[in-house]
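One structure is given below, encoded as structure tokens.
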Amino acid sequence: MAPAPVTLLAPGAASSMSCSQPGQRSPSNDFQVLRGTELQHLLHAVVPGPWQEDVADAEECAGRCGPLMDCWAFHYNVSSHGCQLLPWTQHSPHSRLWHSGRCDLFQEKGEWGYMPTLRNGLEENFCRNPDGDPGGPWCHTTDPAVRFQSCSIKSCRVAACVWCNGEEYRGAVDRTESGRECQRWDLQHPHQHPFEPGKFLDQGLDDNYCRNPDGSERPWCYTTDPQIEREFCDLPRCGSEAQPRQEATSVSCFRGKGEGYRGTANTTTAAYLASVGTRKSHISTDLRQKNTRASEVGGGAGVGTCCCGDLRENFCWNLDGSEAPWCFTLRPGTRVGFCYQIRRCTDDVRPQDCYHGAGEQYRGTVSKTRKGVQCQRWSAETPHKLQALTLGRHALMSGTRAWKWLRLPCHDFAPAPASVHIYLRTACTTGGELLPDPDGDSHGPWCYTMDPRTPFDYCALRRCDQVQFEKCGKRVDRLDQRRSKLRVAGGHPGNSPWTVSLRNRQGQHFCAGSLVKEQWILTARQCFSSCHMPLTGYEVWLGTLFQNPQHGEPGLQRVPVAKMLCGPSGSQLVLLKLERSVTLNQRVALICLPPEWYVVPPGTKCEIAGWGETKGTGNDTVLNVALLNVISNQECNIKHRGHVRESEMCTEGLLAPVGACEGDYGGPLACFTHNCWVLKGIRIPNRVCTRSRWPAVFTRVSVFVDWIHKVMRLG
């Protein structure tokens with residue numbers, strides 16, 4: 001039997017139950033939202049209510065739908081601010097979800113309103129308990145006379161709990177310890193806050209559920225009570241031990257970055273004694289990512305045990321993915337110290353511990369010599385006083401502690417006026433001795449040592465093997481690439497068989513990408529609104545030079561996108577997995593991935609490609625190709641005022657407007673190396689498109705190539 005038609009409110013009647021005023025509970029708290037989604041009923045005899053165009057926002061729609069017994073969901077048109085009330089949900093018979101570019105779907109949280117997400121386990125038709133029913137897991141039945149029924153699964157009598165401080169909690173608890181209802185994260189009343197879901201994409205800020213986006217003691221939320229800003233939620237911890245870890249542990253040496261080290265070393269390299277761990281109530285911003293409850297430095301607190309991070313006693317451990325084991329110290333003014341004196345396990349051989357050429361571009365984290373002696377910090381003056389090296393474009397200055405990296409004005413220790421390149425720490429901000437080769441020594445990277453009897457020595461690095469590329473990075477150039485001014489702004493006709501076109505649900509090109517494996521595309525994070533957005537209807541087009549190829553064009557391959565995985569923090573990368581592998585041929589080819597941490601030498605000519613805006617310089621309906629010279633980050637930061645990071649790279653800004661524009665983002669910066677084209681950069685948005693003499697910025701792929709390989713390996 002078809003559901004009864006929706007009863008509509010007269011426009012004037014909506015005011016008594018429409019959008020909430022500041023200090024009141026929002027009616028949208030009763031709904032869960034699916035962005036970019038419409039709900040359709042397959043029976044023509046069943047029709048939704050008419051569109052109401054007199055609503056202020058989605059809250060007012062919720063206020064109209066909530067009191068009606070026959071309204072279970074509504075569409076909200078984000079463009080026209082229209083509202084359509086619905087007498088069914090996605091769980092009703094003969095209904096289906098349809099991805100849309102104009103509407104958001106709001107469904108009641110009641111018995112019908114449980115939306116499957118990547119984390120809540122609502123899969124297929126399995127028994128679940130999304131509403132915490134005391135009877136245990138249940139499901140909707142296929143019997144028209146029985147709406148839902150318990151699955152009679154025996155209870156284990158284990159309460160819902162959170163590990164550690166609950167930063168990974170993604171459940172559906174939406175009330176605080178005192179019973180107050182939580183405020184929606186996407187609303188700014190009754191309490192204003194900085195945790196907008198669109199800015200904290202990895203924190204699971206769904207609807208009004210309890211979360212812990214700031215590393216607090218446990219999950220919490222803003223309340224709907226205007227007098228009480230925020231409260232913790234009633235979620236107990238899962239026992240007294242920390243969440244189980246998967247790393248292989250060692251007690252006498254460490255592997256990798258030392259995440260699995262559980263030894264008893266309690267002094268730093270500089271012999272500062274580690275402080276005993278005690279709990280603190282708030283984590284300072286600069287140490288938030290350490291996810292610890294460690295002691296305040298210099299305090300005389302007694303011994304304590306920390307849940308988040310398993311900090312027992314005062315040992316050097318690495319619980320946050322830093323470059324090596326570390327601890328908080330008792331030395332005033334030195335908050336954190338690294339314990340580099342702990343030896344590395346003999347079976348720990350890291351492929352990235354190698355250098356190319358003479359090692360001038362090495363930016364790894366090795367900090368010991370070939371004899372195992374710890375390197376002296378470049379900023380230190382003991383046991384060896386560093387000598388000034390003025391060698392061509394580079395300089396390593398001593399006699400001051402005002403060390404800088406990048407091309408910045410020198411301080412009082414340099415001849416005025418002056419601006420020199422200063423090498424210091426170039427890959428991370430947590431400390432350590434990164435080892436460049438500032439004087440071009442042909443024997444490789446070196447450092448001053450902590451041994452007073454040995455001024456310097458070469459580092460425990462090997463020369464990287466010759467890079468071997470097999471079936472990637474090969475192409476047959478089909479078009480003349482000499483002088484014709486078409487394509488990318490200032491570009492020319494070209495062939496880039498690994499450059500793909502990303503298409504939205506309407507089949508429109510919106511970004512470029514690179515084919516790095518038969519079933520994997522690498523592109524820019526900024527091409528997508530969220531890391532968890534619905535991908536139904538999104539496709540990748542390959543094998544064509546044209547932005548709008550003719551129907552039946554030979555060689556064109558259209559493959560749906562199956563899933564999306566966002567890269568590490570700060571990478572601005574996304575990997576897209578396709579529903580099936582593509583067919584490789586002359587029109588479709590893989591581009592090679594670079595070695596880890598490889599730095600492209602300045603002056604290298606590389607190629608960008610895409611179908612984006614040409615700014616009037618040519619035809620933007622075909623593939624855009626242009627050649628650009630790579631420049632050093634030091635030179636790039638002169639224009640970008642020091643904002644270019646080590647995980648990014650630049651190409652020079654030319655007098656003519658040549659570069660990538662809207663629609664080219666996510667596309668490759670390909671360099672010809674070892675007779676193959678290698679993916680060195682991914683184009684990310686800049687403030688302007690092809691600004692004259694303005695360097696373009698790319699994500700440096702070699703920094704994140706280990707993550708790329710891991711994702712593709714695990715699928």
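Cβ atoms are placed via backbone N, Cα and C, with glycine included.
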Candidate in Cys151, Cys156, Cys345, Cys354 joined to Cys253 through a disulfide, as Swiss-Prot lists it: Cys345
Partner cysteine of Cys650 (disulphide bond, per Swiss-Prot) from Cys636, Cys671: Cys636
Per Swiss-Prot, cysteine bonded by disulfide to Cys527 (from Cys511, Cys531): Cys511
Pairwise CA distance, Cys253 (disulfide bond) versus Cys316 (disulfide bond), rounded so that it is a whole Å: 12
Count of other CB atoms lying within 10 Å of the CB belonging to Cys233 (disulfide bond): 23
Intrachain C-beta neighbours of Cys464 (disulfide bond), sequence separation six or more, cut-off 8 angstroms: Cys354, Tyr355, His356, Pro595
Residue with minimal Cβ packing [other Cβ atoms within 10 Å] among the disulfide-bonded residues Cys345, Cys606: Cys345
Shortest C-alpha distance to Cys447 (disulfide bond) - which of the disulfide-bonded residues Cys345, Cys511, Cys527, Cys650: Cys345
Integer Å distance between the CA atoms belonging to Cys238 (disulfide bond) and Cys650 (disulfide bond): 47
